[in-house]
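Shown next, in structure tokens, is the structure this report addresses.
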Amino acid sequence: MKALAKLKKQPGIWMINDAPIPEYGYNDVLIKIKKTAICGTDLHIYNWDKWSQNTIPVPMITGHEFAGEVVAKGDGVTSVDIGDRVSGEGHLVCGQCRNCRAGKRHLCRKTIGIGVNVQGAFAEYLVMPAVNVFKIPDSISDDIASTFDPMGNAIHTALSFNLTGEDVLITGAGPIGLMAVKIARFCGARRIVITDINEYRLQMARDFGATVALNVAPFKNQDELVKQMRKVMSDIGMTEGFDVGLEMSGINSAISMMLDVMNHGGKLSLLGISAGDISVDWGAILFKGLTLKGIYGREMFETWYLMTSMLQAGMDMNPIITHRLHIDEFQKGFEIMKSGQCGKVILDWSS
């Protein structure tokens, strides 16, 4: 089968045409891939950064955001049928630890990821345990379903706390941050402010309903950044701090600024992964009585039910997809992702 694989311990990704179709077991399904989306993680693997060098076995078929069709299944599978349109949870868990047995599978200590630790979805076929497979409702397109993984991250982060009637600050306007703007607006947030240094994506955020999309590139230090944020708050009628913070960047200055402008009793969801250690004002957390929640992946499968229900209720995520390419143009897709001048990039695996 055709697949995209990390074949060398250097930057790049390579097309192969003779990868074996994976074998499925008693409780597995075989999925024919229709669409995949390129994730920031895939870009890290492409660039072969320090995290990738320490994590990714080579050779490895990568990718974990997908939509496809069930074409075969093991004898023990009763939850899906051949012909079902599906996506799937890319975190594979042990099912036996305390958290798994308590229904908190997203907190499994033994989690491994498709396209990271085991064969991924950048291939014509993918094998996955049936318990990880999620049926796609007829009203949701394959393109949108292929973005369920990052959308689930955005849903989990944004809906960890109530957003209705609240003032929300989002730091980081990557695709997940942009999805969070859509989610917060759909859920009735009062004011939504988002920060980034990428003007293309900040304009997308404005189009998605952000009250203010602030380019923080011009500000030379933390004091200037906080001063400008307080001016923004004043300009939009905020007399107190933000009620909810959604941290999507992993950038020290963004987190420090967020802590500075949160209201007393504010709540923060932290999804962004830092490249190194982060220094925070512990006093701001204590004396403001802030609540912090770390986010990893999606709740299985509450997050999936929430996002499909919201999409079916009218939340429009289609504009997050800015580029659609055939799989043979995968190099162009990765170059577009590297440029940052995009939302989600979808790869079509049809013949």
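Just so it is clear, glycine is given a Cβ too, placed from its N, Cα and C backbone atoms.
H64 (Zn(2+) 1 binding site) has a Cβ environment of 23 other Cβ atoms inside 10 Å. DSSP gives H64 (Zn(2+) 1 binding site) a coil state; it is part of no helix or strand. Among the features that Swiss-Prot reports, Zn(2+) 1 binding site is placed at C39, H64, E65, with the record citing sequence analysis.
Other Cβ atoms within 10 Å of the Cβ of T41 (active site, charge relay system) number 23 in total over all chains. The active site, charge relay system annotation in Swiss-Prot covers T41 (among others).
Marked as active site, charge relay system by Swiss-Prot on the basis of sequence analysis: H44 (among others). Non-local neighbourhood of H44 (active site, charge relay system): W51, S52, each in the same chain, at least six residues away, with C-beta under 8 Å from its C-beta.
Here Swiss-Prot flags C94, C97, C100, C108 as Zn(2+) 2 binding site, drawing on sequence analysis. Secondary structure at C100 (Zn(2+) 2 binding site), as computed by DSSP, is helix.
Annotated NAD(+) binding site per Swiss-Prot: I176, D196, R201, L271, G272, I273, I295, Y296, in sequence order. Counting only same-chain residues at least 6 apart in sequence, those with a Cβ under 8 Å from the Cβ of R201 (NAD(+) binding site) are A173, G174, G177, L178, G340, G343.
For C39 (Zn(2+) 1 binding site) paired with Y296 (NAD(+) binding site), the C-alpha to C-alpha distance reads 15 Å.
Sparsest Cβ environment among the binding-site residues I273, I295 (other Cβ atoms counted within 10 Å): I273. In three-state terms derived from DSSP, D196 (NAD(+) binding site) belongs to an extended strand segment. Using a 10 Å Cβ-Cβ cutoff, C100 (Zn(2+) 2 binding site) registers 19 neighbours. Ranking the binding-site residues C97, C108, L271 by C-beta neighbours within 10 Å puts L271 at the top. Taking Cβ-Cβ distances under 8 Å and a sequence gap of 6 or more within the same chain, the neighbours of D196 (NAD(+) binding site) are T171, G172, A173, G174, G177, L202, A205, A213, N215, V216, S249. A simple Cβ count within 10 Å picks out one of the binding-site residues C39, C94, I176 as the most packed, and that one is I176.
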